[in-house]
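Input: a single structure, listed below in structure tokens.
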Amino acid sequence: MTVDREVVLREISKIALPGGETLGQADLVRALAVEDDTIRFVLEVGSAEAARELAPVEAEARRRLLALPGIAHVHIVTTAPAARPAAPAGKAAPSLKIGGHPTAQAGPQPIPGVRHIIAIGSGKGGVGKSTVTSNLAVAMAKAGRKVGLLDADIYGPSQPRMMGVSGRPASPDGQRIEPLHAHGVTVMSIGLMLKEGEAVVWRGPMLMGAIQQMLQQVNWGKLDVLLIDLPPGTGDVQLSLCQKAAVTGAIIVSTPQDVALLDARRAIDMFRKLKAPVLGLIENMSSYVCPRCGHEAHLFGHGGVATEAEALGLPFLGELPLELDVRLAGDSGRPVALGEGVTAQAYARLADRLVKGGIG
Ligand SMILES: Nc1ncnc2c1ncn2[C@@H]1O[C@H](COP(=O)(O)OP(=O)(O)OP(=O)(O)O)[C@@H](O)[C@H]1O
């Protein structure tokens, strides 16, 4: 038997809590990760007292999980908000330190001044999610919207390169973080918070702390829309994000290939479970137009995403061509949407569609 998230949840969800509910019913498990012989998760409760009462539950969960085949380590962290004096509005913020434990909160919070939060996800890596996010951000800014871009791709933050920003963001008061600005877009990336070349093994609580910090402690200012570049797949960042931020909706990027579509379906399913509405699907690398002869070819198939959107009853937001300039522009820090070509026009249409749809 392979021990995965589902197996772990099944194993511990029936454990009874002091109040009579089960662990599954109370929905306390966060940031669950299974890595080789190790299981890690957070139990998030409302108060320090409730956390203390969970000690026997923690012990029982550990006992059950260590009995699973191949599991040698179980790390459980129980978190509760620290009691702290009320701070004046807009001033409450812990120190600028990635990996702080998150403060448990009642539910998804809006970000002051930010009208819409849009998560951009994909089922699979390499389909162009980051490219689409940077170009869409630029296209919406060109259309006169106030746009922010948060790069939450912990596995490979690529927005600093794609947007051409570098340097560690300043924090003049040691509490709030000043974002960077490029091409009319306010930018913050988890990559800018890490030291160059630093490898980080993200643990659940660190991850949740980092996400919460980037949402709530960055001086985003007034934004019509904040686009969030998620890591590919269906993991803890997606979960943390939907728990911490009042996400307006998610957009899924896919190539037309069947395997990418299959993974995209999983991502859609996850957002639905997390109660984040899926605003629509985008087909990237849809067609290739030969720059010499103008011949159009469909290297990864064509139209699969539109068909999938229709089957799922979701809007199809548009298709974006495969073009060498897209990659070159992304590598040079000047997204192709800044220009006037075919792809830039496709992004302008996409931005227009979202703005007309009330997003941004
Ligand atoms: N439409 C396109 N035409 C040409 N190249 C593209 C296009 N879209 C993306 N690419 C290139 O494909 C590569 C992967 O794109 P990108 O990093 O945006 O994918 P991703 O889905 O964010 O991947 P990951 O999340 O795994 O980092 C990059 O080199 C990018 O420049």
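Cβ atoms are placed via backbone N, Cα and C, with glycine included.
Look at TrEMBL and you will find G123, K124, G125, G126, V127, G128, K129, S130 tagged as ATP binding site. The feature compositional bias 'Low complexity' is assigned by TrEMBL to 84-94. What TrEMBL records for 6-74 is domain 'MIP18 family-like'. TrEMBL lists 84-110 with the feature region 'Disordered'.
Listed binding-site residues: G123, K124, G128. Those with a CB atom under 6 Å from ligand 1: G128. Ranking the binding-site residues G123, G126, G128 by C-beta neighbours within 10 Å puts G123 at the top. Applying an 8 A CB threshold to same-chain residues 6+ apart, the list for V127 (ATP binding site) reads P232, V253, S254, T255, A260, N284, M285. Report note: the ATP site is defined by G123, K124, G125, G126, V127, G128, K129, S130, and the residues of the same chain whose CB lies within 8 Å of the CB centroid of those residues, excluding them, are S122, P232, V253, S254, T255, A260. Minimal Cβ crowding within 10 Å, among the binding-site residues K124, K129, is found at K124. Counting every protein chain shown, the number of other Cβ atoms lying within 10 Å of the Cβ of S130 (ATP binding site) is 28. Cβ neighbours of G125 (ATP binding site) (same chain, under 8 Å, six or more residues apart in sequence): Y155, G156, P232, G233.
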